[in-house]
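A.B. asks: Here it is, the structure in full.
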């Protein structure tokens, strides 16, 4: 699979402060790519470099295999975190203006706007001024403006902030829909559950350096601890514990269960899960046996606090 | 290029549709006329009331020379003893003019005294001194046995004829016209820069506070956005000026039609032929001024006005744009605005004080070449004739500086528009240049 975007050894310094330290990324075509990192990690700087708002001090960025050039703006749709619209300008005019700035012709822009306004059922907003709309409504307009010119690459920085759950879902579905049609998405957010739900690739930037990058499943594989949560109904707790602690490290834990069982977290290390299971079955009824998969949240915290 | 055009269009429409723009366009000429009328009215009201002045002339030689006019009314209270006259004057009059009794009229020279509560106006002092002078002078002439009439006849009033080496003749009064035209052009440029520079700055700040800026500069270059803003706003300003000029010309035309008719009828009906003669003499003078005006290098003036207007406006408004980008709100902009406004005001002052006295002196020449004051000072000098090399040098420096400043401003603009919540210092601004 080819990469829609490649970032090669990008360095960016502001005075003495290094915002990006030799960062390289590869965003595969057709992926939803989660760009994660704590506040001030350098995500926004990276996104701005991709959007040619700022220039890197060294390194290069390739879009679809070509070194970034001014023409590429029309292939990128960018929804910045700090976003707004002209308050006193009418919605329709404003959308037309922004679409034309992206390189659409007046007619094409109008056609696309009509499509999206109908899709979202907001045709009657056309002649309203932004200041008459609520924040959520304005956010919807911003989303429309971002995707209007059918970009190959969508860059969304905290796209769900300001939306109520219903509209957040609506936007999420639109993003997934666009992705299915072939749009690659870079998705920067602090809402880990959305990453978990939508992204198939992630990268984590921390203190100007890239810490992690890869397929979400691969990253999880890398961060798996081979820990199993188990529940057993047994009368011989001491025997069980004795047997388990011989081979594994064991801790008491809590999870929801309908049974009055003993709940443990077992790290199996180099042993197989079957070895653990056979011990358990020899002591009683196994009610719970799940590998503890690291969540994106866990990975984030673990990587950052290292 | 297409995008630049889009930005210019948006800025222009946003500005022109703005209610304050519409109100300003149509209200300010009214306001201007209103203020002129008010000033006129107030000055006539001031003149309505003459100042009441008492005269105590002990000798009685001079008092008859003080005649009532529309500014001053004189009352003779010489019959009262001085002490009582003083009290009376303090109560009933603005002041008391005291002329003591002397043996010889000539001794009065430094003895005349004016006693009042409020200090006398310069106007009045001059008036009194002139009367005393003339009484004493004619007395002197009489003593010396000279015929006053003959002396008056012998007086000559010469006129210095002015012309240039190129052979053109010019009127002395023309200097006033030159000053007026040059001053008007320089002042116009200053006002335009301050007003529309501020609009540019506000528009930049608006985009920052709206948080739309990042969306826009992901589509266009910050430089394009800045230039689009500057050009769009200036076009709105030029439109405003055009409307004013057209309305002004229309009004002038209407006034002339009516006024012209009135002038004719009053001339034929008026019994005072003197007044009519005076008017036609005035017309003649006006006509000669007009021909002289036409002799001025009008094409050069117009072309250089346009060039200096463009150069000066771009130079300053790009600075305004940079300031707008560097700050978060208009209140924060003050510390950066002062260094911008100072050279503008300096230019106007130099123009009005130095150019008028000596249009080709060192100060005027130097400041008409320094780019931050040249749009104002040079325009004031041009009607007086400026050597070509100075004009070219000044324009080259202006446009060179303009290019540099636009580049410099664009750098600050590029960094500044994405900086929030910081009130930058001058030091930081210079650091941004390296980003």
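Numbers here mean position along the shown chain, with the first residue as 1.
Placed from the backbone N, Cα and C atoms, the Cβ positions cover glycine too.
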A.B. asks: According to TrEMBL, which of these ranges is transmembrane segment: B:269-292, B:293-316?
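C.D. replies: It is B:293-316 that TrEMBL annotates as transmembrane segment.
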A.B. asks: If I go by TrEMBL, the feature transmembrane segment sits on one of B:157-178, B:179-200. Which?
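C.D. replies: Matching range for transmembrane segment: B:179-200.
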A.B. asks: Quickly jot the same-chain residues contacting the transmembrane segment (B:21-42) by Cβ under 8 Å, restricted to those at least six beyond its ends, or write none.
C.D. replies: 15, 236, 240, 243-244, 247-248
A.B. asks: Answer yes if the transmembrane segment (B:388-410) and the transmembrane segment (B:238-261) have at least three CB pairs under 8 Å among residue pairs 6 or more apart in sequence, and no otherwise.
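C.D. replies: No, the transmembrane segment (B:388-410) and the transmembrane segment (B:238-261) are not in contact.
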